[in-house]
Amino acid sequence: MATTLSSSSLFIQFRGRRYNSLSSFNNLQKRTVLSLSCALSSQGGDMIPPEGKSNDRNSAFDFKSYMIRKAESVSAALNVSVPLQEPLTIQEAVRYSLLAGGKRVRPLLCIAACELVGGDEATAMSAACAVEMIHTSSLIHDDLPCMDDADLRRGKPTNHKEFGEDMAVLAGDALLALAFEHMTFVSNGLVAPERMIRAVMELAKAIGTKGLVAGQVTDLCSQGLNPDDVGLERLEFIHLHKTAALLEAAAVLGAIMGGGTEEEIEKLRKYARCIGLLFQVVDDILDVTESTKELGKTAGKDVMAGKLTYPRLIGLERSREVAEKLRREAAEQLLGFDSDKAAPLVALASYIACRHN
């Protein structure tokens, strides 16, 4: 019997048993993501199956397989979206970063949100690709000498190291434009025009001066500041805009494309905001606890640059506590949705909390 969630009475019916509290629901979540495990390998973020894994396929969601399938689908769609054509140099620069792998968390989130509200992968794919194009654009620009001056990204030389600063700037610009072109062209006929207009507005807002750009500017202006003079409010502003805004857009776009109601869209917005902050808190922790080899990028760079980070402001232990609190808050936003369809998003929050790179 499928799990039944009631947001009004807050009980959960699962195989004839009733759970009447959020803590009971959290226990159910642990079984739902049993196959996830917090043990991650140091290469590519692959999950190591935990000992004693349940053989009951109905009680455990295989997030690893789900993530691999979605990442492969997204990568195939991205490959088609940027064919090699003249001028070859810019196309090669675009493809170099866009097809460099990665966990594809943002497009996965977009697709899972679409499926949660009744849509399917095909309907969400153009938006999922658009979000990944913008994410890649932001990474190319973020790595430039005038920004973070990074040498490695996903275990490879950064775009400007491979193609030069001029071509890297243009590759990032091209991806930004291509994202909107791709989403609107490919989705034509699949999504109602009014929903497409809203999706475009949401995505544009997420990456402009009310979103990603605002976070990057505040981050740059905060380098070298004394942590004692800067509160958590400023750090949260940076991460809500620089990191969470695009994750939020991914979830909202998926819900819009899938025909979600206003209530469903807002629940997914709050969920994504929580995992967006969670993603960055964990990123800050990994920057001081993992090696360059494990991360696929230069470890300790934020500390060396004097950046504001959660460990720098509140220490490692409190940072871990904040991460767990955000994971729980994200899961709470999924109460009321069909549990089978929500399983990928429950697992995604746990994956982000437990990742090693």
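Any Cβ shown, glycine's included, is placed from N, Cα and C.
If you check Swiss-Prot, you get these features:
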type	residues	note
TRANSIT	1-37	transit peptide
BINDING	Asp142, Asp148	Mg(2+) 2 binding site
BINDING	Asp142, Asp148	Mg(2+) 1 binding site
BINDING	Arg153, Lys242, Thr243, Gln280, Lys297, Lys307	dimethylallyl diphosphate binding site
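Locations of recorded Swiss-Prot features on the structure.
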{"residue": "Asp142", "record": "Mg(2+) 2 binding site", "Cβ neighbours (10 Å)": "18"}
{"residue": "Asp148", "record": "Mg(2+) 2 binding site", "Cβ neighbours (10 Å)": "21"}
{"residue": "Arg153", "record": "dimethylallyl diphosphate binding site", "Cβ neighbours (10 Å)": "22"}
{"residue": "Lys242", "record": "dimethylallyl diphosphate binding site", "Cβ neighbours (10 Å)": "22"}
{"residue": "Thr243", "record": "dimethylallyl diphosphate binding site", "Cβ neighbours (10 Å)": "22"}
{"residue": "Gln280", "record": "dimethylallyl diphosphate binding site", "Cβ neighbours (10 Å)": "25"}
{"residue": "Lys307", "record": "dimethylallyl diphosphate binding site", "Cβ neighbours (10 Å)": "20"}
Query raised in the report: Between Arg153 (dimethylallyl diphosphate binding site) and Asp142 (Mg(2+) 2 binding site), what C-alpha distance do you get in Å?
Result: 11
Requested in this report: Sort Lys307 (dimethylallyl diphosphate binding site) into helix, strand or coil using the DSSP assignment.
Outcome: coil
Report summary line: Once DSSP output is merged into helix, strand and coil, Arg153 (dimethylallyl diphosphate binding site) belongs to strand
Query - In three-state DSSP terms, the structure that Lys242 (dimethylallyl diphosphate binding site) belongs to - result: helix
